[in-house]
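**Student:** I am attaching a structure below and will ask some questions about it afterwards.
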Amino acid sequence: MRLEVFCQDRIGLARELLDLLVARSIDLRGIEVAASGRIYLNFSTLEFEQFSNLMAEIRRTPGVTDVRTVPYMPSEREHRVLSALLVAMPEPVFSVDLRTKVELANPAAQNLFNLDENKIRNFTADHLINGFNFARWLESERVQAQAQHVVIEGRDFLMEAHPIYLSEDNDQADQLVGAMVMLKSTARMGRQLQNLVVTDETEFDHIVAVTPRMRQVVEQARKLAMHDAPLLIIGDTGTGKDMLARACHLRSARGKMPFLALNCASLPDDVAESELFGHAAGAYPNALEGKKGFFEQANGGSVLLDEIGEMSPTMQTKLLRFLNDGTFRRVGEEHEVHVNVRVICATQKNLFELVQRGEFREDLFYRLNVLTLNLPPLRERVQDIMPLTEIFVARFADEQGIPRPRLSSQLNAFLMRYNWPGNVRQLKNALYRALTQLEGHELRPQDIVLPEQALDVSLGEEAMEGTLDQITSRFERSILTRLYLSYPSTRKLAKRLGVSHTAIANKLREYGLGQKRGDNE
């Protein structure tokens, strides 16, 4: 029988419960204490009257709020869930100790090697799988996850080997105790990849939108995606305009048709015209064959014209003519071609200002500015920074075949205080660089290299209150707080700011910026 006792945190309570069992000569088989104010007891089966009396005694014990029977102890439930999970997994999975000897194997692994549960424990991983030296891997100075193609019984598998670290108590560092090996059938993976098709809904799910303003943009995009009129997406560089454009295409009725993108920046007119409208054979000196342009290739689908604000006046005129009726002529041909294409444009410039300066056709502007989406910069999406960080870190760790690092407690404030002039693209690239150079299992502020001129040290109205000395002190403290994350020692920070080590040490002490033992080295 098993009981779950709900109780208060009181010294001696567990001993009193055990005394109740001893007084009744009840055979105790196990006791577990949970951190949530619960004690679990496992003892031999009792007669109904004896059991009822015991329950009443437990309820009368000071500090006990309730008691009930449960089918399993927490450890039993955890073991059963783990066993059920291993049994349900179609991929062969087994664990090994530091000598590479098999400790546990699921039924799929037993079937693959044609060994039952007892016999497979007599084998080592090196004996079961050729082509990978498990012993040498586990003896290496830094054991990291590995992935490798292996052949077993004439079948191709992707083998993934992950080290297992455990700690005996909270004060000790994790110790390597063995490894977990998973074998993924390449044939099965191929079938799974065929089913992994991006749909109109899943593409929008890839867009992180925690900030209310960004959520509003995504919801607006879902609605505008269903229309056929030209769509204009405005946003700073790196905000994800191309990703939003693709999501709108996939959600629309054209989602199964082609989606092509052309960057209009710095393209000569003849190249831009050929790319968009195509050309006939002989239209150019080296054009031996005719070529379909983007509009013709994407017939029935969508074309993204990125950096539309950089398009030349000549190409603006040709684009306007195409938008009127969907007809155009290939370069070097006389007959017209008609296609059905939705045009999506993206820009980081203010097209209305370009119109006023005479740099963008007014009629084209009003032709494009029918449905508009404005993407906010990352500095205005502060709540999205950490979710984006977690996604990028997980993705890059998987790509590089390394364990996913923990994010330090200081990293949140570090990333959210930065101005991010390059927006999401800059965050993505900074994290990729950090993971390629990462030492250890934790990502810290000093692992991320960012241009210092974009540090957010601006002062708002509240920071402008007080005397000049008070304002200066707040600004100085903000500078030191921010730079100390990237230069975490007084000597490094002093060298960075071009002052003496003593001056920096005094300033850090003055502003209460903590120093750890040895950080002045």
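Cβ coordinates are placed from backbone N, Cα and C, and glycine is handled just like the others.
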**Student:** Under Swiss-Prot, which of the candidate ranges 321-341, 489-509 is annotated DNA-binding region?
**Tutor:** 489-509
**Student:** Would you mind listing, in sequence order, the residues at least six apart from L305 (ATP binding site) in the same chain with a Cβ closer than 8 Å to its Cβ?
**Tutor:** A261, L262, C264, M311, L319, V343, I344, C345, A346
**Student:** Including all protein chains shown, what's the count of other C-beta atoms within 10 A of the C-beta of G238 (ATP binding site)?
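**Tutor:** There are 20 of them.
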**Student:** When you tally the Cβ atoms that lie within 10 Å of each candidate's Cβ, which of the binding-site residues (N299, S302) has the highest tally?
**Tutor:** S302
